[in-house]
């Protein structure tokens, strides 16, 4: 214990603190790291041996040693890892000695290829057994074997894999026929999988094998034997063939299987025992049976043991001339040989006496500090322990903080600390308030570590205590202070309440406490925190307004201080309202209480009920006061029905009883009755023992036995004490006992680390003892684990998930209760070739219990990670396992950092983006997708693949004044990542003076010899690009030299209207008719979809037309304002067109009135001479029908006129056929119309009778012409 307080500035020989495992298998793809860390004063220097000879690190350029450490880093790039295989040992040396590490065997992991073989098809009859051999290549470590066909092969009681990897069929079925039985070997260290050549199995049904009793395939014969090492895992298997499929059972001869360490695997064919002990040796019998019979196999298990510590040597601090002993107790099977070394050299010094497992030092001298090695070895392994002898001459030092204040409650135990260091070991003495005599007596106990325990402290024990540490070189003292406080006690407890619904209730709780302590009062309902409710208010009292049935329950008042607490509870019962009891009241209290039939532990209580006030009494509650132990506090004793007036009460010894009775009806409680006379019972021995007996240590070498004390009511008499007994389970036969009073725990010192103890605590008083208490199992204190998990493996399951596996450490090295394993993992770098700039914090996942695997989620793809595993017990963590590195595969990349559209032109857009910040792999390129966007309609989706080093692209030959939607995603070999999206619009003119830009498409065309009517649809964008709307524009030539412009379904202001007219005239060939012809300049563009016009003059207006099969004109403006006269202004032309529209409406009205009630002449001729090729078409056969109002509300959709000029119904939901009449239309090269108007037949009589249709504007125009 003194060594635990050894100051860091004191001279100290080296101590190995961290080293690599004894058997260290390295990944040939990674650099080799061999760990060796040590501490000491002065700082140790390090050296290495390899294969028993000195290893000169400086001469090998591939090997470096970490500064201030002995850890070796071996760079194997350009080298083979085999060159560095061997046995390594580290030595840490300073002027006080040399410490040795274990021998670390470094071997390279190997995953050899499968030997070439040719597997002939296996032909076997149905029902017969079959064995498919795997015979994997020998790897280091051995591979994990699994079988697959087109997927993971399903195994069951009939088909299963043996421990050696072979696949066994107890009996074959026709469905077992396959051509692809493949055995795989997965090598964990290199993360590689080797595959055996597929095996073809064909099950024949021509001569099936019949039913038969079981016989064992593995193991063969009637018996076998198996040897296993202590602490290892024992696996035994029995695989049988037979038909029907046999079932397997196991049992141990002359004993039971330990269920905590035993499990059955492989459909009960494998028996697995972990952490093997000598008790697992014996005879095991496996039985295979079906309805035809059974067969047995006997396996004899022998347990051997590599050396393990019974008592490991510990460091020793001696003063000059002193004598000391280092003990090295190890055992094993066979018994190990013990060898002693000093600083790595065999001992040869008369001052040291070697006697088996002990090393004795006599008359040590200053300067003789050294490190001693104890080596315990047998044929199955070895143990190597370093323990130093530090010869120091140091006066005492007290390590406990000075003037520390301890606060305790009266009648509890106080522990005053005095941690010290010195050489020789100081003697500790305690004094109080400056007195010269040391503290002694039954009330005081001195612990080995210097702590003073005062049992059942009283107020008079308050004061200043002095701790004196003395040795031959001096003395040192320290002062601490003890303050004894009054206990916290509830004086007024909350009372039982029965309250009507929607009324208020109040619980009161008053307590007394030490005035120097701050109290906090808490209220609970049914042992849980009170729910937040505005109806409840509480401090010293709890008030509940408008109670409901949900408020019913037990309410507890808890008064806390920093040192103790007290609590009391009461029940709230909520009753419903009853209109029939409106005049009812609470009952009067019972009266005339009388005690009869008085005995030692019982008495009969009678009373007379009070007036029930129109509500029958439901029950009586009998309460008592114990004036001897809890004066002034009334507690519920029992309840009786409201029809009874007598109660037989069971009593406890050594209690001064006073009784009272309360009556309860539907309204509530009565007031308590007048108390009865006092009745005192005689003392007796306790009836019960303390409850909640527990045993646990808070140090590695102690055991604290605790219990819940009996109350004064339970004591049954004066002089209450506790007899505490303990013994080490399965080791000690005799109990050790001590009797204590007024305490609730007892500390047993000098115990081994974490061993089970049997415990008993019995109550006794001046009149005898309680009955025999039950035995409780407790454990002494825990210490930090000494071993790190071995066999740590990482199985990467995806780019973001990995599974880590490890072998459980031997239970003896846990040195405590196994709480689980902590897996620490962190990202070392990305695999893009550059180190991570900001190393992420080390993360830890805890896997509870004796787990041997766990999953690590949330990993970053395409990164190198490292991890280690540590076992956790109640004391803390053990040493870390060897660091394991693993790499996550590529994943899909993240979102591009940005996507912007720059440099928009008439027919092109340039996109610029930033590579994704989370590449998650090696970028293989980008995928760009884009399509036009017209309102809610999307155009054809186009896709472009781009290089990975590209961050800009220019898209040419786009449509002008068109909105596009772009999505860009990055790609890796794993796939395509999420896409960044952006929308942009190509422009005609970037100038601010262009108020309107329109994209026009032919909508519907219709013509006759006498009239011309055609419509267009435009999607118009204001120059602010903040407003998008649709307009339908119809141009109706009234004469050969005049055009009437009609705006349909477009609610626009006058300025916008004039701009549309302006755009129409500027964009179509009718301008030649209205404004006259001009000379055109021509340029050949060779089929290109864009062309740059140069040499334009500022302020001038130009017309541009593109001639292919048709013609179209577009006016393009320069940045200067347009200079035109009023005749070319849109508003003027719009005004003129509006006047023309008004005239047209008047003409239509006139001709309707003129022709009302008669047929048109032309119509009669058409009816008489109908063209057979132009037949009327009705709605029910897919033709165009007559105009109806409902069709006006159909959504407007873009459409194109077919090249043959025919307008089909499916091509347009909204054509001139819907408004008037239509037919075939043809175009001349100059844009004029050729064709003949075809009349529309009248609807049949049935349809015509349904409604009277007004003539359409086109019909009126036809009649006029």
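Glycine residues also receive a Cβ, built from the backbone N, Cα and C atoms like all the rest.
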Q | Annotated transmembrane segment segment (source TrEMBL; candidates 1109-1130, 1131-1152, 1153-1174) | A | 1131-1152
Q: With TrEMBL as the source, identify the stretch among 983-1004, 1005-1026, 1071-1092 annotated transmembrane segment.
A: 1005-1026
Q) For the record in TrEMBL, which of the ranges 648-672, 673-697, 698-722, 723-747 is the region 'Disordered' one? A) 673-697
Q. Looking at the ranges 923-944, 945-966, 1033-1054, which is given as transmembrane segment in TrEMBL?
A. 1033-1054
**Q.** Contact call for the domain 'Fibronectin type-III' (686-783) and the domain 'Ig-like' (112-200): at least 3 Cβ pairs under 8 Å, seq gap 6+
**A.** no
Q: Please spell out the DSSP helix, strand and coil residue counts for the domain 'Ig-like' (487-573).
A: 3 helix, 47 strand, 37 coil
Q | the domain 'Ig-like' (307-390) - residue tally per DSSP class, helix then strand then coil | A | 0 helix, 52 strand, 32 coil
(Q) Could you give me three numbers for the domain 'Fibronectin type-III' (788-891), the DSSP helix, strand and coil residue counts? (A) 3 helix, 53 strand, 48 coil
Q: Return yes if the domain 'Ig-like' (307-390) and the domain 'Ig-like' (112-200) have at least 3 CB pairs under 8 Å (sequence gap of 6 or more), otherwise no.
A: no
Q: Please work out the helix, strand and coil residue numbers for the domain 'Ig-like' (214-302) from the DSSP assignment.
A: 3 helix, 54 strand, 32 coil
Q | Contact between the domain 'Ig-like' (214-302) and the domain 'Ig-like' (487-573) (at least 3 Cβ pairs under 8 Å, separation 6+) | A | no
Q) Out of 14-101, 112-200, 396-483, 487-573, 589-684, which stretch has the largest tally of CB pairs under 8 angstroms to the domain 'Fibronectin type-III' (788-891)? A) 14-101
Q) How do the residues of the domain 'Fibronectin type-III' (895-991) split into helix, strand and coil according to DSSP? A) 0 helix, 53 strand, 44 coil
Q | Helix, strand and coil residues within the domain 'Ig-like' (14-101) as assigned by DSSP | A | 7 helix, 47 strand, 34 coil
